[in-house]
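Engineer: Here it is: the structure, laid out below.
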Amino acid sequence: GDDPEFIKRQDQKRSDLDEQLKEYINEWRKQRAKEEDELKKLKEKQAKRKVSRAEEEQRMAQRKKEEEERRVREIEEKKQREIDEKRKRLEEAEKKRQAMLQAMKDKDKKGPNFTITKKDSSFGMSNAQMERNKTKEQLEEEKKISLSFRIKPLEIDGLSADTLRARATELWETIVKLETEKYDLEERQKRQDYDLKELKERQKQQLRHKALKKGLDPEALTGKYPPKIQVASKYERRVDTRSYDDKKKLFEGGFDTLNKEVLEKNWAERKEQFGGRQ
């Protein structure tokens, strides 16, 4: 039959197992709740970090945009300052050119001027160098600036027929004036070229006479470089026909040997002459 003690022990073991299982389940539920809570906190932290990173990226993009706009604005302001400075220089140059043209017109009735004024070569060279170093874009920009204040806008909108006729007459007179100035300048350039050639020919004649007085070749002073310094007259000099080895021997002390050979040769000739007398 069934032992009551055995059955009681089995029930006790089953009851202990149930209690232990309940404890395990409760512990597992607590651990699971804790993990879910940590996971929830982690997701919230990630969401906050994502929002913060997005805000930081937006601030960086805005700051970068402002810096780029500031850089572009500074470049444009610098470019505008350069354009204004170039315009000012070109306007001053145009005023000087007009004054020079007027002065040349006033001097047209006078004779040719043979006075040569020396120029500052370093300044001219630096200007020429600066012009050569300019890029095509810079030259095109300066051309636009120069034309902008030389070519005046017509502004003929809304003008009457009489005003348009007067404006056309004024433009025609301007064209005639410019063509006249162009012709005068071309003729002046021709006269100056002729005067310059005459001056150069006079200078060559003077240099030829000067060279002849010094006993030099007539063309010695007309070249690009001055003549070599002559330490002796060209009639007293003899061409050295000795070879390099001969010159080297003289340099190394062969002059004594050469002198000895000359003395022996002279002694032999004198001895022969003396023997011929007997």
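From the backbone N, Cα and C atoms, a Cβ is placed for every residue, glycine too.
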Engineer: For the record in TrEMBL, which of the ranges 165-185, 207-227, 249-269 is the region 'Disordered' one?
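Structural biologist: Per TrEMBL, the stretch marked region 'Disordered' is 207-227.
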Engineer: Kindly report the helix/strand/coil residue split of the region 'Disordered' (207-227) according to DSSP, in that order.
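Structural biologist: Secondary-structure composition of the region 'Disordered' (207-227): 7 helix, 0 strand, 14 coil.
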